[in-house]
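Swiss-Prot has this to say about the protein:
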type: SIGNAL; residues: 1-24; note: signal peptide
type: REGION; residues: 64-87; note: region 'Disordered'
type: MOD_RES; residues: S69; note: phosphoserine
type: COMPBIAS; residues: 73-83; note: compositional bias 'Basic and acidic residues'
type: MOD_RES; residues: Q87; note: pyrrolidone carboxylic acid
type: DISULFID; residues: C98-C145; note: disulfide bond
type: DISULFID; residues: C110-C149; note: disulfide bond
type: MOD_RES; residues: Q194; note: pyrrolidone carboxylic acid
type: DISULFID; residues: C202-C249; note: disulfide bond
type: DISULFID; residues: C214-C256; note: disulfide bond
Amino acid sequence: MAKLIPTIALVSVLLFIIANASFAYRTTITTIEIDESKGEREGSSSQQCRQEVQRKDLSSCERYLRQSSSRRSPGEEVLRMPGDENQQQESQQLQQCCNQVKQVRDECQCEAIKYIAEDQIQQGQLHGEESERVAQRAGEIVSSCGVRCMRQTRTNPSQQGCRGQIQEQQNLRQCQEYIKQQVSGQGPRRSDNQERSLRGCCDHLKQMQSQCRCEGLRQAIEQQQSQGQLQGQDVFEAFRTAANLPSMCGVSPTECRF
């Protein structure tokens, strides 16, 4: 849990957790590699949002996220007593954060929350559970402030070639099983069932081209999430587990950055 997750991978997980918090709006946000023909236009839009965010005062949101490293642990609820001073302060900061977010253009609000959460993680050099709590608090901002994180429909030609391989490997069913076992917290020592699932997962990956393995794992987790098998912080753990599966199986790439 103390391992520092690569920022690129963490940001991807952060987006999935934020999207889960926005489920009431029936929207999903994903990070997918983009092709060169669309990259310049979409990259320009993202850059414009970043520039706008840098000009805005989002200090209340920053303070609200900063509290995450000391106030609670994953899965631990804060005791909310009537008149509790800490709770009143948190609620006030969250409301102030929402007011600040509303000063940002609608299409840039999700990017704003992502940006300040990224900054907290990078500047604070947060590890494991601390970075996860920042992601959870970012999700609270999204749901409480009514921010709509729209789905990105970017495509990559290479994904078309991978689709057939992923289907041939039954959407990496054994990898899904192994990830589910790991997320459920069956302990550091692998059971016989876990060993079998891992071997089956490695067989799936070895039958695929290198450039398709991480895409296959990403789609496997997305499928589990859409079926309700993974929610909240479980999504975070699933991506963390999947990131290291190629290395565990002795195939390339050594790490998936989702």
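Each residue, glycine too, has its Cβ placed from N, Cα and C.
The shown structure was predicted, so the numbers you read here are calculated from the model rather than taken from an experiment.
Swiss-Prot feature annotations superimposed on the structure.
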| residue | record | CB count, 10 Å |
| --- | --- | --- |
| Q87 | pyrrolidone carboxylic acid | 14 |
| C98 | disulfide bond | 17 |
| C110 | disulfide bond | 25 |
| C145 | disulfide bond | 18 |
| C149 | disulfide bond | 21 |
| Q194 | pyrrolidone carboxylic acid | 16 |
| C202 | disulfide bond | 19 |
| C214 | disulfide bond | 22 |
| C249 | disulfide bond | 18 |
| C256 | disulfide bond | 21 |
Exercise for review: Rounded to the nearest Å, what's the C-alpha distance separating C149 (disulfide bond) and C98 (disulfide bond)? Just drop the number here, would you?
Suggested key: 15
**Study point:** Residue pair C214 (disulfide bond), C98 (disulfide bond) - Cα distance, angstrom, rounded
**Key:** 36
Review point. Where does C214 (disulfide bond) sit by DSSP, helix, strand or coil?
Key: helix
Point to revise | In sequence order, the recorded positions (Q87, C98, C145, Q194) whose C-alpha falls within 10 A of C249 (disulfide bond) | key: none
**Study point:** Cα separation, C110 (disulfide bond) to C98 (disulfide bond) (Å, whole number)
**Key:** 12
Study note, to complete from the structure: What DSSP gives for C149 (disulfide bond), in three states, is coil
Practice item. Indicate whether C256 (disulfide bond) is helix, strand or coil by DSSP. Key: coil
